[in-house]
Amino acid sequence: MLLILISCILQGILFTNVHTVRSYVDGDVRLADAQYRVSAYYNRQYVFGRVEVSFESNWGTVCWNRWSFYESRTVCTEIGYHRPSDWSTAGPNRIIQDDRVILLDNLYCNGEDRLIDCRHNGYNNVRERCTHYDDVWVECYRDFPVHVSDLPIRLISQQAINAYNSQNNTYLNENDVVHAGLIQAKLNGDWYYISGVGWDLVDARISCRQLGYPDVNYIPEYDPEIALSEDQLIQVTMENLDCVSNERELKECYHDGWLVSDYDVTNLASVNCVTKEQFLSSKETLFRLRGGSSYWEGRLEILHELSWGTICSKDFTLTHADIACKSLGLGRAEEMFNTASSGYGRGIGEIWIGDFDCSNPLSADSLLDCDSSDWGYSTCRYDHAWDVGIKCQVPRPERKIRMLRQYISRQYTMPGVKFYYTEIYHENTWSSPCCYSLLPRISTNRLCRELGLGFGLPYLSRCETDPNKSQQSGLSGYILCYKQEYFSENCLSQLTKLDQCYYGYDVIACADSRVGADYIQVISITSSSGSIENDKKADRPNI
């Protein structure tokens, strides 16, 4: 009994900043049968569902009586959203048919953090006239895009899977190993293996999509002696993971808790994901991205009658963006925009299609698997300001280059152009690159692209001291990249730490918007006068 108490205390102390496990604790709140959508116009993400409260290991509904904005606000903030945008009864079209009880009635909230702390009549003390017709439904919103970063995952120990298959005379080449391995999740700075207890293809598919792959191949076996040989301390989390297919990340799935004390090293979560090349090998290429700084982002275009056209973003949701990313052989969608606000540029020619209605989005490999408007007759038929722009998740190594902070330049100010200090992870420490020593050998456009800051402007990059650093130490050396590496973490490097950066630090210039749809503007600085002038126009790269 004492051990159980200590374990519960440790979970509360160690993981207070981690997404709370959705367990059956009295008073927990959820939105059941939730539907998600994105408003590109308001730049918000919405969730709409039936309010349910847990009591004695069961979920029950809430009666509409006296329900108002204040009760809706408490529900929205409790599940991690900002404010309510709508609330209503189930009505005739959303009545549940099971024997679920109506648990609460007559609630009165006045700024409480949890719905159960509001004034009410008590559990199972509901007026007789309350029926499931009167169940409360609430729509909540939060600012979009929402970057979820509190539970990143990664693939490791790929050589263990390779070894296991070699022992069984199963040929596995180098390309297959890249997308297979054991799954780890990062909790409060430490990497934990995910338990294999309850792990199935649904869980594996969501992990592959989160990692940037379009789908899952299978769940492979592995050699535990090779997989765990380099780990001195094995930590396991998320036992009995139970995803139901509509989650976008593993953190949204049910599980038994963050700490697993009794685990089996031969039963850890593993996966073999479908690569972009495998997924697209048997499919006709009908979609492409244009106007972005990377191959995984841009204005979404579709081929019809031998002509490329755009897609209408009105009522285009994050679910549709997920399907679009999958059709490109990429992972889930990170962001969805209309091109008037994204910087990807407005398209030209036809707005081919829109108004999608996907009745079974989980099985759709392409937006063409969904119902839609007729070709050329979407809601935004003549307005390219509503062209869809998306940014997809792609496989990448653990990040070792980051943006430190923005540098504010009073001398050079231009719309859409910003300057940034950067840092590189070297010898267990984040350090800034010294000027004239490192970053000139890395493409500025590569850095801006990888950091999600837009297009690089090498002629505007500059040397500046950092007043926020007490010691002006930094890095010297080189990072040598060829065209085939998508990320700098995969490039050759030779770095040395310097006690003093004599000329200051490299500051990169990135442009987060572009003028025109098909051209980029290359900006230069003349060394004599320091004035800014247009050097030339270049074709926008078709990445």
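Each Cβ is built from the backbone N, Cα and C atoms, and glycine gets one as well.
Among the features that TrEMBL reports, signal peptide is placed at 1-23.
Residues or ranges marked as domain 'SRCR' by TrEMBL: 29-141 (among others). Secondary structure counts, DSSP: the domain 'SRCR' (29-141) has 16 helix, 48 strand, 49 coil.
Residues annotated as domain 'SRCR' in TrEMBL: 153-274 (among others).
Within the same chain, residues at least six positions away from Cys253 (disulfide bond) with a Cβ under 8 Å of its Cβ are Asp203, Ile206, Met238, Leu241, Asp242, Cys243, Val244, Glu247. Per TrEMBL, disulfide bond is recorded for Cys243-Cys253 (among others).
Annotated domain 'SRCR' per TrEMBL: 287-393 (among others), in sequence order.
Look at TrEMBL and you will find 423-511 (among others) tagged as domain 'SRCR'.
Here TrEMBL flags Cys481-Cys491 (among others) as disulfide bond.
Comparing local CB density within 10 A for the disulfide-bonded residues Cys243, Cys481, Cys491, the maximum falls on Cys243. The average pLDDT the prediction assigns to the domain 'SRCR' (423-511) is 76. Across the domain 'SRCR' (153-274), the DSSP tally of helix, strand and coil residues reads 32 helix, 32 strand, 58 coil.
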